[in-house]
Every structure is written in C-alpha cells, then in structure tokens.
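Copied over from TrEMBL:
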type: TRANSMEM; residues: 7-26; note: transmembrane segment
type: DOMAIN; residues: 202-260; note: domain 'Protein translocase subunit SecDF P1'
type: DOMAIN; residues: 303-402; note: domain 'SecDF P1 head subdomain'
type: DOMAIN; residues: 409-572; note: domain 'Protein export membrane protein SecD/SecF C-terminal'
type: TRANSMEM; residues: 424-443; note: transmembrane segment
type: TRANSMEM; residues: 448-468; note: transmembrane segment
type: TRANSMEM; residues: 474-495; note: transmembrane segment
type: TRANSMEM; residues: 516-540; note: transmembrane segment
type: TRANSMEM; residues: 552-576; note: transmembrane segment
type: TRANSMEM; residues: 608-626; note: transmembrane segment
type: DOMAIN; residues: 716-891; note: domain 'Protein export membrane protein SecD/SecF C-terminal'
type: TRANSMEM; residues: 736-753; note: transmembrane segment
type: TRANSMEM; residues: 760-780; note: transmembrane segment
type: TRANSMEM; residues: 786-808; note: transmembrane segment
type: TRANSMEM; residues: 839-860; note: transmembrane segment
type: TRANSMEM; residues: 866-886; note: transmembrane segment
C-alpha cells in the first residue's frame, strides 16, 4: 500500500475515533450517583482514619454519657471528660466528624427529595449542604477534590460535579425545557462619568446573587451586548417564573449590619457543636466566602438582624484603589445624607465590624477603626485586585442608576421539549434513511461509499458540537438534517464527473482522479459561499438563527472532509486492491444525452418570475399594511402563549371574543398551530400594549386562569411562552437585514474574484428572486416572517448558490475548451451536462425537507415549507434567471465589441482615404 494512502487512512481513523469518543456519554448521568462516585475515594480514606477514633471510643456515646451525668465534679465525670478531650485532640477526629457530616448530608438530600420529588439532584445537594438557621453548613470540599483547587467552594464543587455528570451533547432550552429572559436598560440613563459596561457588570453580580439565593437550578447568566444580559434557566414552572420576573425587576438592596460584639465567642460555640447550636434572638448567622489561589476561605459571623440607616442609594461612588502602602483597597464616597448616617454609625461603633450585605449575602465585614466623617471612607485589607474590584462592584450595585427591563422572554415546557426531541429525531432518521436508500439504489457501490461518508459526516457534526460545547436546538437539528441532504451534493457531483470520464474511455483509476479534480472547484466554491452566509447569520442572528448557523457551518466542514478526503481514500484503496474494475451506476433514461435549448424559454420564464415577484410583494403589502400580520413575534414584538387543550378545543372566534371583553383589543391573533412535536396547540399572540408610554406586562398565570374559567369544559395547559419587546423586535429586524445585505456583498465580491463581476451579479439576482418568491409563497400559505423564516431564506441563498456555481463552473470549463462557441451555446451545454446532478441533488434534499414537513412542527414546519419552495425556485432560477442574465450581458458585450470594431474599421478606412487624397 502506498505510504500516502496509509497516512490518509490513519488520519481518517484518528478523526473518526476522536470525534466519536467526544460524543460519549451522550446523555446526562445521574447527578447524585456521579457525586457518590467522585467522593468515594476521599470518603473511603476518611472512613479508614475514623476507625482509629472508634477503636478508642465513640465520641457521640462519650458526649451522651457526659451530658447525662449529674455529678459534674465526680472523678468518673472528669475521667470521661479527659477521654473525650483526648479523642477530640486526636489527629483522626476531624476525619470522624467529616464521615458523620457525609451521612448527615445524605440524610438531608433524602429529606429534600421526599419533600419535592421533582427537584434536581444538583439543587437537592445544594440545599442539603447550605443548611439554614437551624442546620449547620457542610463543606463539600471535604469529600470532593477539584483539580488545582485545594479547598473549593460549594458552588464550584456543585458545578464540577455537573460538568462530570453532563452528557456531551447539550440540549437547548427549546429541547430540554426552560426559560430565557433577555434583560436590558437604556444607555441614555447611564451617567456620563460611568461606562455602560460597568453598569451592566453590576447588574450581572446582582442577578447572579439573587437567582442563586432564590434556589434557581443552574442559572446561566451572561452579557450578550453592551446593555443586554441573558438569563437562562432549565425547568422553571410558571409560579416560579412569576417570582423570578418580580425579583429581576427589583432594585438592588444594599444594607450595612453591625456584627455582634460577641461574634467570635458565638462562632467558637457554633464550631464546637454545630448540630445543637441555636442562634440567639436578634442575630443572624452568615458566612463570608472568598476564594484565593483556588482555595475557599470561609468566615462565619453573627450580625444584627436590624440594618443601620445607611442605604444603597446613599453611596455615590465605590471603586478599587491603591492605598499608601501599595495595597489594593476600596474607596467609598457617600452622598450628603449617607455621609451623615455613616459618620453617626462609625462614631458610635468604633472597634466593631460593619457587614456589607447585598440582597441578603454578606460580602465583607471590615473593622471600624475610627469615626469617619466627610463622606469618604476606605476599606483596606490584603485584597487582590479581583477581590477589590468585586467588592467595590457589590457596593456600587446598591445604587444602579438605570432601570432593568425584561426585553424578551422565551419559555418551553419540558414535556414539549421532549416531544421536540422525539419529532426532530424521527425527522432526522427518516430523512437519512430515505437518502441512504436512494443513494445505494442509484449509485450502487459508489452509493455505499457515499452512505459511509454521510454516517461519518453526522458523527463529525455531533462530535464537533460536543467538543465546542455548542448547544443543540430545534433549528440546529433542522440544520443538521438539512446538511445530510446537502452533503450528498458533493458526492453526486463527484460521481457524475466520474461517470463522464468513464464514458470517455478512461480506466477506473484515471476516471476517479479526473472526477475528483474536475468536481473540486465547484464543491469548494459552493461550500465557501454557503459558509459566508452562515458566518453573517451567526454574527447578526439571534437565538435559533445562531444555532442553525453553527450547525450548518460544522456540516459544511464535515462534508468537505468526508466527500473529498475520505471517499477518495476509499476509492483509492479499492482500486489499489483491484476490488473494483468499473463503477456501474443507474441512470434515468431521460437524462442521457440531453440537448435542450433552455434559453429559448427564457422570456416566458422571466415573465412568469415577474408575476410571482409581484404577487409576493402584493401579499407582503396586504399583510403588512392591511391585516398587519406579516411579521412574526420576533420582528413585531408582543407576547405569544401556546396552550394544549384536553377535550373539545374552543372555537377560535369564541376565544377572540372573550379576550376582546378582557381589554386586549382587536390586534390580537388567535389560532391553532402544530407544535414542535406535532401536537395541536392553541396559539394566542398579544400585541405590545402601552398605557401612558409604559409597556403593560402580561400576567401569564392570571391570563391562563381567566381562559380556563371561560372554557371550563376544556382542560387548558400553558406549554410555551415567548415575549419580545418592541426594541428587541426592531433589533432582530435590523440584524436580519444586515445579515442579508452583507451576505449579498460577500457573494458578489467572492464570485467576481473567482469568475467575473457579472457572474456575481447574476448569482445575487437569482438568489434574491428565490428568496422573494419563496417568502411570498410561504406568506400565501399563512406564514409569517420571523427569525426562523430568515434562517430558511438564508439557507436558500446557499442552496441556490450551490446550483448556480456548478453551472458557472461548467460554463468556465466549457469556454476554455470551446473558445469559438457563443455564450448562448455554452450556457445550454453547461445546463444539459449538469442537469443530472441538479435533479439528483434536488431530489435528495427534497427527501429530507419532506421528512421535516411530515414530522416537524412549529418553527421547523415553517422552515421546511420555505425550503420546499426554495428547492424548486433555486433550480428554476439557476437555469432561467442567472443563465439568462449572463447570456444577455455577453450578447450586449459582443454587440458593443462588434460596434467598436466596426467603428475602428471605418475610422481606419477614412484615414486611409484621407491619406490617399
């Protein structure tokens, strides 16, 4: 075997094995089971050490005897007291205490889960470990070692176990269920001497603190823009959502509490007997946690319940600073009222500690060294820069000068998410099965090779998503399924080229080499232009569009690897081993020796296209200006509620009439739609309602109860909620427009570089036609323009471009071989030679799209319907729009050249005549 072929097979094996291993485990492991597994080794070591204590005596039994004895001065009591003290002083006593803590931890976990069977393992363990006023806190770092962190915080360990127990394929909220809030504030409200990003970061601190204190399971909070924040949380019921909405919009509560004068004594008592300790009235036990060099530092303090008169709004500024010794500190500046209150508190309590509390969490408790007047103070200590920045941010958070609004909200019930996974999986399996069967039937051995490439393609896409920790969303599944259909395009292109070379009498080895060489430029150009559209979809898209763009991009790279590199290695091996001597393939008789004059029909085709374009624009105009339902929730803003109806579903007109009596106006939309899992859902879309320029929020719980009472014969269940503010809708619209414009410019520039400028213009004209007609037909079927629709239209950009570029590549190749032919002849020849590839690719993609139409619901159905129209318009526009444009352009160019040549000839004749005269 050739050395180069061996190297190629080694690369293929390493990639497939590596990417395949990256996918496992696919599903999440049991969280508490994984915690038991991770803690087993450390717990076993603790248990072994605790046996040394038990050999001497049981500390609990000794303590019980001491407590039961009345004669505290007796020799027996003193002897027992000595034995008990010796046990406590034993180096293994701490291990015995930790073993007891682990047993107590498991008891608490069981109690929490018995009270709430639906609680996650993560949240059960968190609640069990954190304790309360009557239960001591348990440090999980006693049982779990996080790499490079000797004594990590409970939060760090909980997340570490979550990472270890998580499946490699992460599902989005639309598949696993959950809610996302998009928060924002007005940049104009930010004072001129402050940065927008600093205000945003303060809000991040507040939200993280609040949601964790509320017990929200694994909230994911991150900045998504200068003044926007995304808050994502899985499995939140509607009652909790209402509390979360209220909590999000609350102003931050910064308070200053005095630490109890006997706090150190109380801490000693608490640490000596945590199980039986009771906090004295008027005080609260709090813990101050910080991490330094990866190690958790916990300080227990007892603070007074009643806060001092200093409030968050009394703080003017808080920022990290460097003191006179070169150490980091926090500088405080108070407003006039705050300065007086601070001077009063510090003056009366010199020598005591003053705890800084934000939303119930103590962040620091510095000592009051002296009375502080003048409105300025400094908190000093051995702070690192990060600690000083964090604490100053906490203090400044008590005076956030902006109002935080919930700009958007997207929620999916977990059962609906499970249905989406099921329907998406069925669509994928059916689409792949249909494509596999067709390829094996039509191309035989070559089809079997293509099938192996498709399987590896799927592994590479899923493996890449696992490696990059990308989230799989329902549009992402659509992108993956669609990639399966589009990946076939490269294989079909190669196989048809090999067929042509075999017809010319070449040996199988030479035909394969020539087939791959001739197909490469078309495959490369078409994939690169699709990647351009995917890039701009990701840059300017939001949510579902980003998910689709990510999956599509991974699919493009995977198909390039499998179609060009992997299948070529398989063919080379089969030829080298003399396993194949030919490559028999089926063919459709009507595709053999085609010689159709397609351009003869160009004028009628263009007239038909103009009619379709006018109808599409008219449909958009009527629905945008007339019925005002052209734009979906993503672009128009508003609130969408989706309900399941158990029983006789209520009539749409009755629902609309009832909601009219509730003051929701005439612009609401009521209807039934097909959900992601194929179920029938009652959909109610409420417009943005403003009262005195203030947006009125919808109380989902009250709204659902009113609906349930109005139709008592039907059991109505809220399954999905989506809210998009007007500003966010406008941003989505603008981003979509920018994505389309920049993609168009990118395509023109690239094709002008690879071919000619007029090829780029022809391609853009064709894809614009496809997008307009597909969108128009979609809207005629009752669809609305949304982010999902934009993702589908952008995909049509790529799909139509693939077809167009293959024709362009043929024209360029044929022109080099037949320089005497006109463009009219070249175009017809290129279309005829590429027709088998065009129809086969359309057919395989259509098989996948139909599977999405059959099994997909909701946004996936909309996506598939647009793609269904786009497949036909894409094939049609390549032949009759792009090709006709090039023909017309070159006909005029030839005419201009002829006129110029004639003019030069006449000028030369006149000059010659003048010279003779």
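Using the three backbone atoms N, Cα and C, a Cβ is placed for every residue, glycine included.
For the transmembrane segment (866-886), the residues of the chain that approach it from at least six positions outside its boundaries are 482, 598-599, 601-602, 605-606, 609, 758-759, 761-763, 765-767, 769-771, 773-775, 777-778, 783, 789, 792-793, 795-796, 799-800, 803-804, 807-808, 811, 823, 827, 830-831, 838-839, 842, 845-846, 849-850, 852-853, judged by C-beta separation under 8 angstroms. Taking residue pairs at least 6 apart in sequence, the transmembrane segment (448-468) and the transmembrane segment (608-626) share fewer than three C-beta contacts under 8 angstroms. No contact links the transmembrane segment (786-808) to the transmembrane segment (7-26), because fewer than 3 Cβ pairs that are 6 or more residues apart lie under 8 A. Residues 525, 528-529, 532-533, 536-537, 539-541, 545, 635, 759-761, 763-764, 767-768, 771, 787, 790, 793-794, 797, 801, 805, 808 of the same chain lie 6+ residues outside the transmembrane segment (736-753) yet bring a C-beta within less than 8 angstroms of a C-beta in it. Simply put, out of 7-26, 516-540, 552-576, 760-780, 552-576 has the most Cβ pairs sitting under 8 Å from the transmembrane segment (448-468). Highlighted: of the candidate stretches 202-260, 409-572, 716-891, 202-260 has the greatest count of Cβ pairs under 8 Å to the domain 'SecDF P1 head subdomain' (303-402). Per-residue pLDDT, averaged along the domain 'SecDF P1 head subdomain' (303-402), amounts to 85 for this model. Helix, strand and coil counts under DSSP for the domain 'SecDF P1 head subdomain' (303-402) come to 29 helix, 37 strand, 34 coil.
Across the range of the domain 'Protein translocase subunit SecDF P1' (202-260), the DSSP-based residue counts are 24 helix, 18 strand, 17 coil.
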